[in-house]
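Q: Quick one: the structure is below, and I'll ask about it shortly.
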């Protein structure tokens with residue numbers, strides 16, 4: 001029997017990058033998956049199609065995680081279509097990089113809304129059904145920079161550090177109801193987000209990684225599957241660093 | 001009134017594991033019936049299901065006793 005047989009997962013920001021791989025990997029391990037996206041409908045549908053070809057259930061659902069009504073609608077539709085939600089992966093995120101001194105209010109607000117408030121709204125909306133079923137797994141995707149800081153990313157870093165604090169509090173509030181809440185902090189993972197960096201910057205970055213290479217989306221997805229499975233049932237409130245050894 | 005109180009009582013007995021005799025209109029969930037904050041949230045969720053209504057966060061925060069719950073339900077049924 002597969003690790004996640006019969007489980008239902010909702011992955012936000014699942015059309016691309018790390019989120020896409022998380023959705024696929026959860027499905028490979030037996031889960032049915034709701035594939036949330038904000039803008040990339042075709043890519044989201046491709047993910048859902050791949051999951052269906054594995055013999056699992058999947059559907060796409062458009063929602064902006066920073067919008068309360070859309071989030072509540074997303075949770076309701078997922079439960080209507082797939083029966084319940086066992087696993088929530090808060091992955092949706094954006095960057096609007098700028099030096100602090102140049103950063104505009106809307107650059108700050110956009111990133112905080114999607115990357116931090118989005119986690120709050122989605123977690124709040126899913127908590128109700130997880131509390132009732134007396135079980136659930138919430139996995140938040142933070143970032144190495146939420147721990148180390150990073151020039152040019154004050155908004156992103158503040159949001160990702162916030163996610164770690166939110167993870168700990170949610171873990172404490174929901175522990176008595178059989179719900180675990182953990183975070184994963186990826187290091188430099190090869191995605192559209194890192195492809196934008198110049199080769200020089202990429203080489204410079206690799207020098208800081210003990211394992212001397214960028215991670216792949218699967219490296220993160222594998223840890224998410226672990227946290228979603230019974231293997232991790234005695235862990236909550238933790239942040240797992242999956243970064244080639246950068247944070248020790 | 002009696003019917004609402006009866007249904008509310010059953011939910012409280014099931015959820016909080018208290019004796020039916022302890023449930024009086026003036027009984028506070030937290031002070032008298034041993035509920036913690038999350039228990040009260042869950043009670044409200046079960047009341048919503050039982051009486052097929054949506055109780056807003058603002059209203060839910062005002063429901064602290066058995067009487068509060070019964071009154072709210074009667075006024076909003």
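Each position is counted from 1, following the chain as shown.
Glycine too: its Cβ is placed from the backbone N, Cα and C atoms.
Got these off TrEMBL a minute ago, pasting:
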type	residues	note
ACT_SITE	A:156	active site, proton acceptor
BINDING	A:13, A:14, A:15, A:16, A:64, A:65, A:91, A:156, A:157, A:158, A:159, A:160, A:189	NADP(+) binding site
DOMAIN	A:7-187	domain 'Ketoreductase'
Q: Per DSSP, residue A:91 (NADP(+) binding site) is which: helix, strand or coil?
A: coil
Q: Identify which of the binding-site residues A:157, A:159, A:189 has its Cβ surrounded by the largest number of other Cβ atoms within 10 Å, counting every protein chain shown.
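A: Buried the deepest by this measure is A:159.
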Q: Mind looking up the mean pLDDT for the domain 'Ketoreductase' (A:7-187) in the predicted model?
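A: Result for the domain 'Ketoreductase' (A:7-187): average pLDDT 97.
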Q: Can you count the other CB atoms that lie within 10 A of the CB of residue A:13 (NADP(+) binding site)?
A: 28
Q: Taking the Cα atoms as reference points, how far is residue A:64 (NADP(+) binding site) from the residue listed as 'active site, proton acceptor' in Å?
A: 17
Q: Helix, strand or coil: which one is residue A:189 (NADP(+) binding site) in, per DSSP?
A: strand
Q: Check each residue in the chain of residue A:91 (NADP(+) binding site) that is at least six apart in sequence and keep those whose C-beta is under 8 Å from its C-beta; list them in sequence order.
A: A:11, A:12, A:13, A:14, A:18, A:19, A:22, A:141
Q: Quick check on the binding-site residues A:15, A:64: which one has the highest count of other Cβ atoms within 10 Å of its Cβ?
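A: By the 10 Å Cβ neighbour count, A:15 comes out on top.
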Q: Determine the Cβ neighbour count for residue A:156 (active site, proton acceptor): the number of other Cβ atoms within 10 Å of its Cβ.
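A: Taking all protein chains shown, residue A:156 (active site, proton acceptor) has 24 Cβ neighbours within 10 Å.
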Q: Report the largest Cα to Cα distance, in Å and rounded to a whole number, among the residues A:13, A:14, A:15, A:16, A:64, A:65, A:91, A:156, A:157, A:158, A:159, A:160, A:189 that the record lists as binding NADP(+).
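A: Overall maximum Cα spacing for these binding residues reaches 24 Å.
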Q: Could you round the CA separation between residue A:15 (NADP(+) binding site) and residue A:156 (active site, proton acceptor) to a whole angstrom and send it over?
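A: Here the two Cα atoms lie 20 Å apart.
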Q: Using the alpha carbons only, what distance in Å do you get between residue A:189 (NADP(+) binding site) and residue A:156 (active site, proton acceptor) once rounded?
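A: Rounded to a whole number, the Cα-Cα distance is 16 Å.
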